[in-house]
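Features as listed in Swiss-Prot:
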type: ACT_SITE; residues: His113; note: active site, proton acceptor
type: BINDING; residues: 13-32, 95-98, 181-183, Ala225; note: NAD(+) binding site
type: BINDING; residues: Tyr57, Arg60; note: substrate binding site
type: BINDING; residues: Cys121, Cys141; note: Zn(2+) binding site
type: DOMAIN; residues: 1-239; note: domain 'Deacetylase sirtuin-type'
Amino acid sequence: MRRPNGMIAILTGAGISAESGISTFRDQNGLWENHRVEDVCTPAAFLKQPTVVQRFYNERRRALLSPEVKPNASHQALARLQREYKDGQVVIITQNIDDLHERAGSRQVLHMHGELLKVRCTATGRVFESREDVIHGESKCECCGVVETLRPHIVWFNEMPLYMDVIDEVVQNAGLFVAVGTSGNVYPAAGLVMIAKAHGAETLELNLEPSGNCRDFDRSVYGPASVIVPAWADEVLHGKGPAA
């Protein structure tokens, strides 16, 4: 396969952060406080039980900010690739709501499912950084001064992912599309590889195991993200073997 030519679009999923110590918050029965996580992460759930939903995200936010959670070698490798790749842009499209790409030094990151360390005003749509707990009925919005208007800046089930116009443009103009740590089962993210191929891009899957759409990729490499992603980045930057 040919080496990357021009823009590289990289889609990352939960697998890239799995080695960074982020908890899933599910017990052995797949529940959180006797709730299915899928039942907490919906607009209807927020309307019905906002206190419960805020508590769920407060716990996740505190866990993300704990000292033991930090970027791993795969995040660092992608940040280095963004800094050092000379033949075009490297754009990261992530399904993850953590900030580990940014902590590793990446700058061009499109969070299609939102960001855990941000909140959004339901009255104005404005988005704010937030590292503190959000208490329903107490936490006051910065822009409107009203309590009960803040919600997590997260794309819930039945909501449209963010930045899709930009993401489509990036994928359509990429010379190489790479998916790292994705399940291949969540759309529209899982459909991006076929958009890239339709516009002439080479495609590569880097994953712990075959994803749900692994057959859509031209080439696949399997193993821990902290091992295979740095190795691939070295291939791109220093010509050590096939890059795509």
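Each residue, glycine too, has its Cβ placed from N, Cα and C.
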Here the Cα-Cα span from Tyr57 (substrate binding site) to Asn29 (NAD(+) binding site), rounded to a whole number of angstrom, reaches 20
For Gly181 (NAD(+) binding site), the number of other Cβ atoms found within 10 Å of its own Cβ:
26
I'm checking region-level scores; what's the whole-number mean pLDDT for the domain 'Deacetylase sirtuin-type' (1-239)?
92
If I take the Cα of Gln95 (NAD(+) binding site) as reference, which of the binding-site residues Arg60, Cys121, Cys141 has the closest Cα?
Arg60
Alpha-carbon spacing, Gly181 (NAD(+) binding site) to Cys141 (Zn(2+) binding site), which is rounded to whole Å:
35
Cys121 (Zn(2+) binding site) -> DSSP, reduced to three states, gives strand
Determine, to the nearest whole angstrom, how far the Cα atom of Gly13 (NAD(+) binding site) is from the Cα atom of the residue listed as 'active site, proton acceptor'.
10
Look up Arg60 (substrate binding site) in the DSSP assignment and report helix, strand or coil.
helix
If we check Cα distances from Gly21 (NAD(+) binding site), which of the recorded positions Arg60, His113, Cys141 wins as closest?
Arg60
Of the recorded positions Arg60, His113, Cys121, Cys141, which sits closest to Asn29 (NAD(+) binding site) by Cα distance?
Arg60
What's the CA-CA gap between Cys121 (Zn(2+) binding site) and His113 (active site, proton acceptor) in angstrom, rounded?
17
I need the CA-to-CA distance for Cys141 (Zn(2+) binding site) versus Arg60 (substrate binding site), whole Å please.
20
